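Here is what TrEMBL says about this protein:
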TRANSMEM  6-23  transmembrane segment
TRANSMEM  30-51  transmembrane segment
TRANSMEM  71-91  transmembrane segment
TRANSMEM  98-114  transmembrane segment
TRANSMEM  126-146  transmembrane segment
TRANSMEM  158-176  transmembrane segment
TRANSMEM  196-215  transmembrane segment
TRANSMEM  220-239  transmembrane segment
TRANSMEM  251-268  transmembrane segment
Amino acid sequence: MPNYFFFILLIIVSSLLFVYTIYKTKEKYIIAHFLVMSGLAFVLEYFVLIIGNGYKYYPNFIENAFYDSLLGSLVSQAVAIPIAATVIAAFRLNFLHMLAITAGFIAIETYFIHIEIYEQFWWETYFTAVLLPIYFLFGKFWLLLLQNVKHTIVHYTTLYFMTLTLNSVILFFLVLLLKTHELQVGWYDNPYRDHIAANSIYIIILSAIFSILILKKVRWYVYFIVLIGYNIIDHLMVWNGMLELANWWNVFYFSLLNLTDLLMVYFLNEYLKFKYFLFD
């Protein structure tokens, strides 16, 4: 069987479980919870996979080896594991259930190593065994916060990680499918790793700023100043050779993307307020 079969199977099983959980529990916080857990996984993957080069996936979705590994990581760390955390929290599963699910992921990890579609460098399987229960416990804790706590910190953190998740996915596939741009900061010899490492920092900062602007309900001209500021930064990066653009791509398109992103954050915030009646 081709390598990607196992990753597609993981997506299908996880997605079916997610839909079943929504249907069965009627938990109104479930989508926000999943996006928060996925955003947290993105941050962890940035340090372990992109910066630390702790392991590598071989799903063989595409020819580009680095992006192919990121796609494998996306399936595992940003879909399957966050969905498992959301299922645990929504069904209020106990610690023994968490250990059983952790054992399941360890079995999958071990099997993936055996069939050579996943390779560990300095990362060890016992790291997974220790960190997954902690991650699952945090997932239960965060759902309780969403259900019971009306606080700006909960509001901002939820909005931020939702934004971070969606931004990371959108901008990754924008580069993967359309090859719009490439950041070259000289941190790594591999240009694709160099791009993702720098672009992730860009996304982390952008998501934080936009979430604060929306949460604080600043005046319209503040949004305008921020968008102009980012446009100037993009021009400067093109000018000094850090940012390379496709022939058909233009810096102005980044401004449109940022404006669209700002609107997305606004509607995510409205979704939180309307759907959950959580934040006033």
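Each residue, glycine too, has its Cβ placed from N, Cα and C.
From a predicted model like this one, the values you see are computed outputs, not experimental measurements.
If you look at the transmembrane segment (196-215), the same-chain residues 6 or more away from its ends with a CB under 8 A from one of its CBs are 43, 46, 50-51, 66, 70, 152, 155-156, 159-160, 163-164, 167-168, 171-172, 175, 183-185, 187-188, 222-223, 226, 230, 242, 258, 261-262, 265-266, 269.
Just going by CB pairs under 8 A, the stretch in 30-51, 126-146, 220-239, 251-268 that sits most against the transmembrane segment (71-91) is 30-51.
Among residues of the same chain six or more beyond the transmembrane segment (98-114), those with a C-beta under 8 A of the stretch's C-beta atoms are 6, 10, 80-81, 84, 88, 120, 125, 128-129, 132-133, 136-137. Beyond its flanks by at least six residues, the transmembrane segment (220-239) meets 183, 206, 209, 213, 245, 251-252, 254-255, 258-259, 262 of its own chain at Cβ-Cβ distances under 8 Å.
Residues 32, 35-36, 38-40, 42-43, 62, 67, 70, 74, 78, 146, 182, 195-196, 199-200, 203-204, 206-208, 210-211, 214-215, 261, 264-265, 268-269, 272 of the same chain lie 6+ residues outside the transmembrane segment (158-176) yet bring a C-beta within less than 8 angstroms of a C-beta in it.
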